[in-house]
Amino acid sequence: MGMKVPGKGESGPSALLTPPMSSSSRGPGAGARRRRTRCRRCRACVRTECGDCHFCRDMKKFGGPGRMKQSCLLRQCTAPVLPHTAVCLLCGEAGKEDTVEGEEEKFGLSLMECTICNEIVHPGCLKMGKAEGVINAEIPNCWECPRCTQEGRTSKDSGEGPGRRRADNGEEGASLGSGWKLTEEPPLPPPPPRRKGPLPAGPPPEDVPGPPKRKEREAGNEPPTPRKKVKGGRERHLKKVGGDACLLRGSDPGGPGLLPPRVLNPSQAFSSCHPGLPPENWEKPKPPLASAEGPAVPSPSPQREKLERFKRMCQLLERVPDTSSSSSDSDSDSDSSGTSLSEDEAPGEARNGRRPARGSSGEKENRGGRRAVRPGSGGPLLSWPLGPAPPPRPPQLERHVVRPPPRSPEPDTLPLAAGSDHPLPRAAWLRVFQHLGPRELCICMRVCRTWSRWCYDKRLWPRMDLSRRKSLTPPMLSGVVRRQPRALDLSWTGVSKKQLMWLLNRLQGLQELVLSGCSWLSVSALGSAPLPALRLLDLRWIEDVKDSQLRELLLPPPDTKPGQTESRGRLQGVAELRLAGLELTDASLRLLLRHAPQLSALDLSHCAHVGDPSVHLLTAPTSPLRETLVHLNLAGCHRLTDHCLPLFRRCPRLRRLDLRSCRQLSPEACARLAAAGPPGPFRCPEEKLLLKDS
C-alpha cells in the first residue's frame with residue numbers, strides 16, 4: 001500500500017509503485033500492501049488507448065509482442081487513490097471520514113500516506129507534540145508526515161517533488177498545484193499590509209548569491225491564500241503553500257517570503273547557500289524603510305524582527321534570476337516593468353530609474369559549470385555548482401511494430417512423462433495431424449506443449465475460415481499469422497482497415513483472399529499491402545465501390561522504387577477475380593484488361609452496367625483476356641441481348657459461360673451458341689448455363 005513519490009526517471013504519479021515491506025513497517029494490516037489504484041474519474045482514466053505511444057505499440061491488441069505489460073501513456077491516472085484494503089498502521093482501521101460531518105473531523109479520520117516513510121496513518125492517531133507536516137493537494141491522501149518532517153528526512157528528489165506530474169494530454173509538465181502545511185503551534189497575528197513604497201535597502205537581488213531557481217516553481221506568481229483551521233484533539237492550522245516552498249509563519253502572505261520547506265533555521269539556510277564562507281562574513285540584509293504611504297506599524301518584537309530579516313534574506317536569495325530562462329520570459333518582464341519596477345529592482349537602482357543588464361558579469365556562467373556572484377561590494381567571489389539538469393527527453397521511437405525474437409527450433413521428438421521420447425518422430429505426427437480438421441487440431445493443441453507447437457505448422461492450415469464474425473479480436477489475428485494459411489476467408493466480417501493491413505503485411509504467402517461483403521473502408525487496405533503470391537481475390541458485394549475505388553485498387557503503386565522501369569499493377573498475378581454485385585462500367589473494364597492481363601476466371605454477375613459493349617471489350621482482338629479466359633460468369637446482367645452471343649466464339653479456351661437470369665437473352669439463342677461453340681459444342685445442364693468438357 002505504500003507509495004513513493006516519482007523520481008527523475010518516472011513519468012508521473014501513475015508510476016507509484018509499492019516499496020518492499022520492511023520489518024519496521026509491519027503492523028495491523030501491513031501484509032496487504034498494494035499499489036495505488038485508478039481514480040476512474042480523471043480525464044486519463046476515462047479515455048481509450050492512443051495506439052501511438054511505445055506502450056500501445058507493444059500491446060498484443062495493436063500487434064506488438066506484449067512484453068512491457070504497461071498501460072497507455074495517456075491513460076496513466078493523474079490522481080491515484082489508496083486501495084480499498086488500506087488501513088491505519090497504528091489503529092488498524094480503515095478511513096472513517098464518511099462518518100463525520102465537519103471538515104476538521106474528516107481530516108483527522110482520513111488515511112494519509114507519507115511520501116517519505118510510506119506509512120499510512122490517521123492524522124488523529126499521531127501523538128506528536130510540536131510538529132509540522134506538508135499535505136500534497138495534488139495526490140489524494142498524500143502528505144509528508146510530521147514525524148519525517150521533525151526528523152528532517154526528505155524524499156529522494158525534493159526538487160521535483162510529488163507536484164511534478166504529467167498533464168492529462170500525456171505531456172510532462174510542472175504542476176502549479178499547492179500543498180497544505182500542518183502545524184500545531186498557535187497562530188500568529190496577521191502581518192502588516194503590503195507597502196507600496198520602495199523595498200528595503202540592501203544589496204541588489206541579482207548581486208546576492210542564491211541557488212538557481214526553476215521558472216516553473218516561481219511561487220511568487222500565486223495569489224495569497226488564507227489559512228484554514230482544523231479542530232480536533234489539538235488545534236491545528238493549515239496554511240496554503242505552493243509547490244516545493246512553504247510560507248514562513250509571520251511573513252507577508254502576499255509577498256515573496258518563501259523558503260524551502262526543509263530549512264530549519266536561518267543559519268542552516270544561509271550556510272547551505274554559502275559553502276566555505278565563515279558566519280562572520282555573512283552579510284545580513286538591512287531592515288526595511290518606512291513608507292510614507294503605508295500606515296503606521298508598531299515596532300515588532302526581537303523575535304519578529306529576526307523573522308523579518310530572515311524572510312527578506314530568503315526573498316533576495318529566491319530572486320536571483322535563472323540564466324536558463326527563455327527570451328520570452330525576459331520580454332514579458334520588460335513589458336511589465338512599468339508596474340513591477342518597485343518590486344523587482346533594488347532600492348538604489350529603482351531611484352536611478354534603471355535596471356541591471358541581463359548579461360552582466362554577475363550572471364555569467366564559468367566554463368566549469370559554476371556560477372560566480374559577488375554578494376556585495378568588496379566581498380569575496382563565491383561560486384557553487386549549478387542544479388542538476390533535467391533528464392533528457394526519451395528518443396522518439398519509430399512507428400512500427402517491434403517483432404519478437406525468433407523462436408527456438410521445434411523438438412523432433414515427443415518427450416514422455418517417464419523421461420524417454422516417443423518412438424514416432426515429428427514428421428510422422430504431422431502426417432497424422434494432416435487428416436484432422438481445425439476443431440480436432442485445436443483439441444490436440446491442449447494436450448501438451450510439444451503438440452501445441454507442432455500443430456502451428458502451416459501445412460496443417462492450408463485454409464482458414466473466419467467468415468461471418470462480427471469482430472476479430474487480436475488473439476484471432478495473431479493465431480492467423482502464426483499458422484500462415486494459403487487461403488483466408490474474411491467474408492462478411494467486421495474487419496477494420498488497420499487489422500487487414502496488419503494481416504496482409506505478415507501473410508506474404510497468401511494465395512487466396514475472400515473479402516466479400518466487407519466495407520470499402522477496410523478493403524482499401526489492399527492498396528498499400530504487397531501481395532506477390534495472390535492468385536484469387538474475391539470482392540463480391542462490397543459496399544460503395546465505383547470506378548474511382550476500383551481505379552485505386554488496380555493502378556500500380558505510386559511509390560515505385562528508383563531504377564524500376566516496369567510499373568506492375570497490384571493484381572498483375574491474379575488469375576481469378578470475383579466482382580459480382582459491383583457498380584462497374586466500361587471504364588473499369590478497360591483498366592481491368594490493362595492491369596490484370598492473366599485472368600482466367602472472371603465473375604461479373606449482377607453488375608447492372610455490364611452490357612453488349614462490355615462483352616465486345618472482353619473479346620476484342622486487343623484484349624489479353626481473349627486468349628486466357630476459361631470461366632466467365634455474367635449471370636444477372638440484364639443489359640445483355642442476343643446480339644452479344646456470337647462474340648463468345650472468339651474465346652477458344654472458354655469452358656464455362658454462365659448467362660442465367662439474363663432477362664433479354666432467349667433460350668433458343670443460347671442453344672444455338674451451345675451447338676456451334678468453338679472448338680467444340682457446349683452442353684447445357686441448366687438453361688443458359690454452358691459447359692464444355694476439358
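Cβ atoms are placed via backbone N, Cα and C, with glycine included.
Swiss-Prot has this to say about the protein:
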ZN_FING   32-78  zinc finger
BINDING   Cys50, Cys53, Cys56, Cys72  Zn(2+) 2 binding site
ZN_FING   85-151  zinc finger
BINDING   Cys88, Cys91, Cys114, Cys117, His122, Cys125, Cys145, Cys148  Zn(2+) binding site
COMPBIAS  226-240  compositional bias 'Basic residues'
DOMAIN    418-464  domain 'F-box'
REPEAT    492-517  repeat 'LRR 1'
REPEAT    581-606  repeat 'LRR 3'
REPEAT    637-661  repeat 'LRR 5'
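Projection of Swiss-Prot feature records onto the structure.
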residue: Cys50; record: Zn(2+) 2 binding site; Cβ neighbours (10 Å): 14
residue: Cys53; record: Zn(2+) 2 binding site; Cβ neighbours (10 Å): 18
residue: Cys72; record: Zn(2+) 2 binding site; Cβ neighbours (10 Å): 19
residue: Cys88; record: Zn(2+) binding site; Cβ neighbours (10 Å): 24
residue: Cys91; record: Zn(2+) binding site; Cβ neighbours (10 Å): 15
residue: Cys117; record: Zn(2+) binding site; Cβ neighbours (10 Å): 21
residue: His122; record: Zn(2+) binding site; Cβ neighbours (10 Å): 22
residue: Cys125; record: Zn(2+) binding site; Cβ neighbours (10 Å): 13
residue: Cys145; record: Zn(2+) binding site; Cβ neighbours (10 Å): 28
residue: Cys148; record: Zn(2+) binding site; Cβ neighbours (10 Å): 20
Next on the checklist: At 10 angstroms around each C-beta, which of the binding-site residues Cys56, Cys114 has the fewest other C-beta atoms nearby?
Outcome noted: Cys56
Checklist entry - Looking at the binding-site residues Cys50, Cys53, Cys56, Cys72, which has the shortest Cα distance to Cys125 (Zn(2+) binding site)? => result Cys72
Item to check | Remote residues contacting the repeat 'LRR 3' (581-606) - C-beta distance under 8 A, at least 6 residues beyond either end | outcome: 539-542, 545-547, 550-551, 554-556, 569-575, 613-614, 617-618, 623-625, 628-637, 658
Item to check | Cβ-centroid neighbours of Zn(2+) 2 site Cys50, Cys53, Cys56, Cys72, 8 Å, sequence order | outcome: Glu49, Gly51, Asp52, His54, Phe55, Arg57, Leu73, Leu74, Arg75
Checklist entry - Whole-number Å distance between the CA of Cys50 (Zn(2+) 2 binding site) and the CA of Cys91 (Zn(2+) binding site)? => result 43
Checklist entry - When DSSP states are grouped into helix, strand and coil, how many residues of the repeat 'LRR 3' (581-606) land in each? => result 10 helix, 3 strand, 13 coil
Next on the checklist: Just to verify a number: CA distance, Cys148 (Zn(2+) binding site) to Cys72 (Zn(2+) 2 binding site), in angstrom, no decimals.
Outcome noted: 34
Item to check | His122 (Zn(2+) binding site) versus Cys56 (Zn(2+) 2 binding site) - Cα distance in angstrom | outcome: 39
Checklist entry - For the repeat 'LRR 1' (492-517), what does DSSP give as the number of helix, strand and coil residues? => result 8 helix, 3 strand, 15 coil
Checklist entry - For Cys114 (Zn(2+) binding site), what is the secondary structure state per DSSP, taken as helix, strand or coil? => result strand
Next on the checklist: Looking only at the zinc finger (32-78), what is the model's average confidence as pLDDT?
Outcome noted: 87
